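Visitor: Can you keep this structure in mind? I'll have questions shortly.
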Amino acid sequence: MPKSFNNNMLSLQHISKYYQNGPNKAYVINDLSLDIEEGEFVSIMGPSGSGKSTLLNIIGMLDAPTDGYHYFIDQPVHQLKEKQRSALYKQYIGFVFQAYHLIDELTVYENIETPLIYQDIKGSERKALVADMLDRFGIVGKKDLFPSQLSGGQQQLVGVARALISKPKLLLADEPTGNLNSKQGEEIMELFRKLNKEDGVTIVQVTHSEKNAQYGSRIINLLDGRIESSITL
Amino acid sequence: MLKNYFKTAWRSIMRQKVFTMINVTGLAIGISAALVIYMIAVYDFSFDSFHPKRDKIYHVVTNFTFSGVPYKNGGVTSPLGGVIKNEIAGITEAAPFYIANDDTKITVPDGTATPLNLKKQDKVVYADARYFNIFQYKWLAGEAKTALSTPYKVVLTQKQAELYFPRLTPAQVIGRKVIYNDTVNTVVTGVVENLPGNTDFVFHDFISFSSMGVALSADQQKYNQRWDNTTSASQLFVVLDDKATVANIEAQLEKLQKKYDPNNGKDFNGTQDFKLQPLKDIHFNSEYATFNYRTANLTTLYGLLAIAAFLLVLGCINFINLTTAQAVNRAKEIGIRKTIGGNRKQIIVQFLSETFLITVFAVLVSIALVPLILKFFTGFIPEDITVGMLKETSIIIFLILLSVIVCLLSGFYPAMVLSGYKPVSVLKNQTHAGTGKTRNAWLRKSLTVTQFVIAQFFIMATILVSKQISYTLNKDLGFKQDAVLFVNTPWRENNADKKQVFVNKLKSFPQIENISIGSTPPSSAGYNTTSVKYIDGKKEIKTDLQLKNGDENYINVYKIKLLAGRNITKSDTTQMMINETYLHTLGFKKPEQAIGKFIEHGDTKDMVIGVVNDFYSASLHSPIKPLAIVPAWKYNNYVVHVALKPKTEGGGEWKKAIAQIQAAWKEVYPEYDIDYGFVDESIAKFYESEQRMSKLLAWSTGLSVFISCLGLLGLAIYTTGQRTKEIGIRKVLGSSVRQIVSLLSKELVLLVILAFVIVTPLAWWAMHKWIENFAEHTAISWWVFALGGLAMLLTAIITLSFQTVKAAMANPVKSLRSE
Ligand SMILES: Nc1ncnc2c1ncn2[C@@H]1O[C@H](COP(=O)(O)OP(=O)(O)O)[C@@H](O)[C@H]1O
Ligand SMILES: [Mg+2]
């Protein structure tokens, strides 16, 4: 049985994911192995359809691979039950999406607060944590607005704030700047760098932008579900 | 956490006002029906639940069979009350009492020439300390032990004392006089508080038991000493000790009866058994009748509960259908909630809180509806049931439980579906793919079919019940029912001369065609049966024979046809006219063959002088049985039957005739109020329970169709919303409005038709079961089903058209541009 390494955040070993397409298997991820250490900032690049989102979702336990071994902080994820997996996820992982994915019915404040509610954190503590986060992202004035009343960049700030509120060890971001203009994109990237450097948050982002990829410490190029190259900066 | 859930729930409810309204309305109808019916149940089950010894108190009653036909009487032979406690082991107390006739006259002398005079009073009993030992009253004046120990004493309830002596306190009432039926002069020796809860023990004047010796007629007293005479007036309650069992006491009673009445049963060709009826059975058993007149009917209560359950299910189905139909719209939100750490349980709780909020709305609406429902169904709902009952703990607990059940019933499945979405597929916009959606669609279709099965069942049942009612009311009963009045003369003044004076006065009125004196009209609720014997030379034919008493005009008033022989004449005494059924029972083919034959009953022999056509002597629930019309003067008959001439244009004559009859009555019987009725109306009363059922069914039908159509409308709103783009393209390509409407309605209409196919055999089966209650019944025609199905289909199409026509008429350019 393959082993995991001690300061590894996560380890994927011989991971495959395919969809049955009639008699054929359509591989999206094909026998891929990848280790990410704590404190890394990894950028995943590759052409559309190469399996970037799928890989990120597998890392984030939103999707399950068809084959292979998946360790997360020494836990064999591939052996865990749904419940344990979601507990692990809840405790350690934050997600940021290209389309922001805020809940339309909730205000900025409530969107950021919701992960804390799911973690059964007390009301008074929640209040303090959310207030901190609003302050840190400079969106205190927007706290009672609904997502539809914000610009794209502001929405993504809320998205990041929401992902960070539960103090995740691993932040996963799927094209976080894809819908933003370059100035807004830069802001988010600066934020990521700071998080990585100052708070030690491990980050894995998918990006199409060469420039944004440079913020990371490693760039992984994906092609047809395989790692084509891995460059440490 | 919950606060957050409710906040989200509130916002999503407000965002979908139409769906929320459909859901709330559907659920509120079911909940208010359940609530009111539960109130009725609580009320009925509360009867006499407060007596200290309630589990040990039994009502002694009598079950008879006469020639195999069962007959039940709530009374016992009077002498039993005197001996039961001493001769039966296991009985600690026994309270016989005797119910005075229900037209007791009460006079309260006050020294003036015009004392308080009450006629036709009921709920007066002859009782004593034994009654008050079993049923504990609070004594405001006097005491249980001595108040009724000697004749000519009376105890009143507080309310009755206030009625007789408005300004006096209970203590002051003691010693006052109350006179019953002009002859029983009593002195008030006690005042008791009215019983504290709902009760069937509603007597308000308790005359001492020993007064019966003077109060009742000599005849009645003689009867009351006999072991072979049973009247429902003679009541007996007992208290069993802890070891006694009902079976054991009943066995002892059988022995006791054999000892005192060895010939029992032989004298009337049947059996007679004493039974113990538990106190809590009294309110629900109409076979023995209560003292309060209204008995609750457990079958009706269960029927009502079933209706409420059906309405609730319909409302829940709407909720499930509309929520799962829209699930896709909420999929994104669920996906997000899961990616930010929400687990399945938390999401289920969130959706259940949303459902709960809607349920609470529905409950509030239901509570607001209760006064309207109570008002609308007065007559059906006992009047003691008021809005005030909503404050009772049991009702509040019921509402909370009901809310939880409704919430789970309607919310659980949608919550499972919604919480089951995988966040990746949702976020990748793949919710349309996969098996989840088709499974939901399949479930939605099944539920919609279920709704329409229920709705069509109600429609068909309503049609059949009305058909049967109109059949029974229009059926030729074998005699004339319309334009005939009957007047009950006072039996207390059963004086042949006075009756004749009254009849002679009526004869002079131009509007009156014919008059007869006799017993009840041909069809009546109660009947008089005797066992008779006919010896045709070889064998003996023993049967029961129903008796109607009439004079020479009886068959003329009712236009009953004489088939052979002659009518009764004034000089007849031991003669009788028989009906065709009896004729055939006796083995004769032609009416003429029976004439001159002798029928034995008891010690007498009556000669058959005539044969009349068959007519129904009771409701159509029972078939025609052997019957004879015997001369009226043989028995004490007190009903005057009056045939009126047909009404003419304007119809003022009958009113005038009735006024004249009333005036004549006042002259002959100034002491009594007239008691009369139309024969056809009294016959319609036989079918009161069917009429009530019909009204209730009509309501259930209306409501179930309404709820189902609301659901249908909701689904139509949803699907047309989903297909806006498709509709636009089709229109651009040249589809007509009609084509689009039929395209949009087709699927839902097919479901209604499928429901019709399913419900028809079910309804057919249920109808057969129900109609077996009638000896004579209407046909279960094919058109009952066709009409029911068609009515539903039309209603469904009209409902759908509200939405589909709107969608089909919409400007295609607009809908395409917005896509
Ligand atoms: N449910 C599915 N069934 C079949 N193929 C799928 C499914 N989900 C994703 N794919 C395929 O997987 C491939 C990788 O998708 P994705 O990971 O989203 O790529 P990327 O994010 O790099 O653009 C795509 O070619 C997509 O068509
Ligand atoms: Mg992608």
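Keep in mind that glycine also has a Cβ here, set from the backbone N, Cα and C atoms.
Nobody curates TrEMBL annotations by hand; they come from automatic prediction.
According to TrEMBL, the protein has these features:
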type     : residues  : note
DOMAIN   : B:20-255  : domain 'MacB-like periplasmic core'
TRANSMEM : B:21-43   : transmembrane segment
TRANSMEM : B:301-322 : transmembrane segment
DOMAIN   : B:306-421 : domain 'ABC3 transporter permease C-terminal'
TRANSMEM : B:347-374 : transmembrane segment
TRANSMEM : B:394-418 : transmembrane segment
TRANSMEM : B:447-465 : transmembrane segment
TRANSMEM : B:696-721 : transmembrane segment
DOMAIN   : B:703-808 : domain 'ABC3 transporter permease C-terminal'
TRANSMEM : B:748-767 : transmembrane segment
TRANSMEM : B:779-802 : transmembrane segment
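Would you situate these features in the structure and describe their surroundings?
Guide: Computed over the domain 'MacB-like periplasmic core' (B:20-255), the whole-number mean pLDDT of the model equals 89.
Across the domain 'ABC3 transporter permease C-terminal' (B:306-421), the DSSP tally of helix, strand and coil residues reads 98 helix, 2 strand, 16 coil.
With a cut-off of 8 Å between Cβ atoms, the residues of this chain six or more beyond the transmembrane segment (B:394-418) that come close are 27, 30-31, 34-35, 38-39, 42, 312-313, 315-317, 319-320, 323-324, 327, 330-331, 334, 347-348, 351-352, 354-356, 359-360, 362-363, 367, 436, 440, 443.
Sequence-distant contacts of the transmembrane segment (B:696-721) (same chain, at least 6 residues past either end, Cβ-Cβ under 8 Å): 18-19, 22, 25-26, 29-30, 33, 304, 307, 310-311, 314-315, 317-318, 321-322, 325-326, 380, 444, 448, 451-452, 454-455, 458-459, 461-462, 465, 727, 744-745, 747-748, 792, 795-796, 799-800, 802-804, 806-807.
With a threshold of 8 Å between CB atoms, the same-chain residues lying at least 6 positions outside the transmembrane segment (B:748-767) that come near it are 445, 448-453, 455-457, 460-461, 464, 712, 715-716, 780, 784-785, 788-789, 792-793, 796-797, 800.
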Visitor: Where else in the chain does the transmembrane segment (B:301-322) make close Cβ contacts, counting only residues six or more beyond its ends and a cut-off under 8 Å?
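Guide: For the transmembrane segment (B:301-322), the list is 19, 22-23, 26-31, 33-34, 37-38, 40-41, 44, 355, 358, 362, 406, 409-411, 413-414, 443-444, 447-448, 450-451, 454-455, 458, 693, 696, 700, 703-704, 707-708, 710-711, 714-715, 718.
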Visitor: So if I exclude everything within five residues of the ends of the transmembrane segment (B:447-465), which remaining residues of that chain have a CB under 8 angstroms from its CBs? That is, six or more out.
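Guide: 310, 313-314, 317-318, 320-321, 690, 693-694, 697-698, 700-701, 704-705, 707-708, 711-712, 715, 748, 751-752, 754-756, 758-760, 762-763, 766-767, 770-771, 778, 780, 784-785, 787-789, 791-792, 796.
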Visitor: Just give the helix, strand and coil counts over the domain 'ABC3 transporter permease C-terminal' (B:703-808), going by DSSP.
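Guide: Across the domain 'ABC3 transporter permease C-terminal' (B:703-808), DSSP assigns the residues as follows: 91 helix, 0 strand, 15 coil.
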